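Chemist: This is the feature table in TrEMBL:
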{"type": "DOMAIN", "residues": "6-241", "note": "domain 'PABS'"}
{"type": "ACT_SITE", "residues": "D161", "note": "active site, proton acceptor"}
Amino acid sequence: MDTIKKNWYSESCELWPGSTFSFEVKEVLHDERSLYQHIQVFDTISLGKVLVLDGIIQCTEKDEFSYQEMISFLPLCCHPNPEKVLIVGGGDGGVARDVAKHPQVKEIVQVEIDAMVIEVSKKYLKFMSVGFDNKKMTLHVGDGFEFMKNHSHEFDVIITDSSDPVGPAVNLFQENYFSLMKSALKPNGIVCSQAGTYWDSMELVKNTLKICKNQFPVAAYATTSVPTYPCGQIGFVIGSLDGNANLLNPVREFSLEQLKNMDLKYYNSDVHKASFSLPSFVRYEIEP
Ligand code: SAM
């Protein structure tokens, strides 16, 4: 099922069968298959511009900031000096845009597998792809898994802004990827990876957190709300090589005025702390 009525687009994916999210389309701006995936960009009635990969919404202009700010600032604010940051995936540029806002970040390296996602985002999704224009940024086109094999003890923070675990992203949810990330980190480094929603993908949440805990002495799952993602909720696993790290308490706190000056609309220290508080049915599943 692609549409439920004229001009309406419905997301459809094997990861969450039986229900769908739909939006009304003003204009199809782009519709093309790359080597890796089907890339679509829509202008919509209520969500602004929307990027869809292989039938799954990646970001909408209306609510992308919640995801991008949280996947960036949760790990950055848990690290005492996050100078060099690696982003894997993130071809829309939104995470790069927000990582660059952190005053301690000096260098951003990004590896995205699909050059066409970058090109299309630069053309239609400027509000996010502005991240690629930053002087701190070095962008590589390639597979994040392969890239990781050739880097050791180099990064303070590694953020994996991957699509869901279908197609080229499958490897980024596996234990050997977390092991490679561990080797690519400097001492006391931190990783943060997209880890799915607990409403529809509890096994994914559990497995990704388990893998992260196997590889890192300190690990936790944090949640955020993104209305246009399945079930309106998505989470991240965060792992630290520092065995004394307390991920729930940011080591760097910003005042509301500082956050406003950085144009951060979702993240703040209270949201940081609260994002690790999980409902009971999730805790029954993920706590030993
Ligand atoms: N915020 C989004 C979400 O969770 O729905 C993710 C957005 S970002 C567009 C995801 C990117 O990961 C895509 O551009 C995709 O091409 C990239 N990607 C998937 N697998 C990859 C891999 N193995 N190496 C590098 N990038 C990868």
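Glycine is treated like the rest: Cβ placed from N, Cα and C.
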Chemist: Taking only the residues in the domain 'PABS' (6-241), give me the average pLDDT of this model.
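Modeler: Result for the domain 'PABS' (6-241): average pLDDT 96.
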Chemist: List the residues of the same chain that sit at least 6 positions away from the residue listed as 'active site, proton acceptor' in sequence and have their Cβ under 8 Å from its Cβ, in sequence order, or write 'none'.
Modeler: Q68, I71, I87, V88, G89, G90, G94, V95, Q194
